[in-house]
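Per TrEMBL, the features are:
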- 30-113: domain 'Cytochrome b5 heme-binding' (DOMAIN)
- H65, H96: heme binding site (BINDING)
- 204-222: transmembrane segment (TRANSMEM)
- H223, H228, H244, H247, H248, H302, H306, H322, H325: Zn(2+) 1 binding site (BINDING)
- 257-275: transmembrane segment (TRANSMEM)
- 287-311: transmembrane segment (TRANSMEM)
- H326: Zn(2+) 2 binding site (BINDING)
Amino acid sequence: MENSQGALDNSSVRESVDGANWENIQMQQDKELATKQLQDANGVKSSLLTVNGKVYDVAPFLDLHPGGPDLIAEHLNGKDVGRLMKGLDEPGAHAHSKAAMKMLQQFLLKDLTEKRVEEPQKSEKKFQVDLTKPLVPQVGYLGKDYDEWVHTPIISKESPRFFESDFLESFTRSEWWTIPLVWGPLVLWLEIRALKLGVPLEKLLPAMLLGYGMWSILEYFLHRFLFHMKANTYWTATAHYLLHGFHHKHPMDSRRIVFPPAFATPIVFLTWLFVKAIFPDGFSHCVFGGVMLGYIVYDLTHYFLHFGNGFTHQLRHMKRYHLNHHFKVQTEGFGVTSEVWDWVFRTLPANYRSELFRKDK
């Protein structure tokens, strides 16, 4: 059945297969072999999944699957899982959403040298975003179709261009380490300033913890009401895409996970004015230092949940919880560093209400 190079000996198989079916088998075999050779040449390991007769290489998505990579891995290179993805055949299986099935098409086996682009909309009347051109000036024209478009992720590490201007474009990307580098010294200065203004040393930590707690609820409200605001006009869609929509569209764009300091500065300044209006000098510095420390922890945690491998049960749970927000239900699960406020404000995803503290088996 195999020759010296390990390929199938087609002569013994063809005798038992009619011409039409043989052509289909041959085409599929050639496609998979060509893809595997190309992936091997690039040092990429394939993970083939069969859904409704079509073969997909889901290797880029394994670590992003909300249920964890093991749930996909056990079905790789095996039977067709089309019915399983509809919630049939296996106890506990759930029907995958329309958006999930659409996202799957990105991984259909094809010539990997082709540039990944989105398929055009079925209706010619709908605006089509050209991914090869700056995106920010385009997304507003989607109108009422923007929400569906932005919540159909592209699983690629490519970093799309936002603006035609190189100057504006330079402000849209940031490495993860810029967050502690830029804001860490500010936290240290605020606490030193608080001591110089007369805050007792024993009250420094409680005041910082108060600020940290203030950040926790601010994180929730910003994510829920600003980053997920309704956007169905040109300007609201454009604003949403710049604030947060790009992250849902390109969740693996590593240089746009953390908030660029240039964009964060206005929010930081407004938050400082708010804290300063509540607390007297000294305590306001100390509390605001706790707020900024909470922000640093938030952005670094967010980056880790996308690109890190959880080495504890809690980290693995946090990763699944956040990816559930990205790929299953974007209208719930707004907490990143904590799920407390999702509990309080009833936005905890239904599939987590009964298993929040369940340990991995």
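For all residues, glycine too, the Cβ spot is worked out from N, Cα and C.
Within 10 Å of the Cα of the residue listed as 'Zn(2+) 2 binding site', the following binding-site residues from the list H96, H223, H244, H248 place their own Cα: H248. Taking Cα separation as the measure, H96 (heme binding site) is nearest to H325 of the binding-site residues H223, H244, H248, H325.
Counting Cβ atoms from all protein chains shown, H248 (Zn(2+) 1 binding site) has 19 others lying within 10 Å of its own Cβ. Less than 8 angstroms from the CB of H325 (Zn(2+) 1 binding site) sit E332, G333, F334, P349, each of them six or more residues away in the same chain. Cβ neighbour count for H306 (Zn(2+) 1 binding site): 18 (other Cβ atoms within 10 Å of its Cβ, all protein chains included).
The average per-residue pLDDT of the prediction over the domain 'Cytochrome b5 heme-binding' (30-113) is 65, rounded to a whole number.
In sequence order, H244, F334, G335, V336 make up the list of same-chain residues 6 or more apart from H223 (Zn(2+) 1 binding site) whose Cβ falls under 8 Å from its Cβ. H96 (heme binding site) counts 17 other C-beta atoms within 10 Å of its own C-beta, drawing on all protein chains shown.
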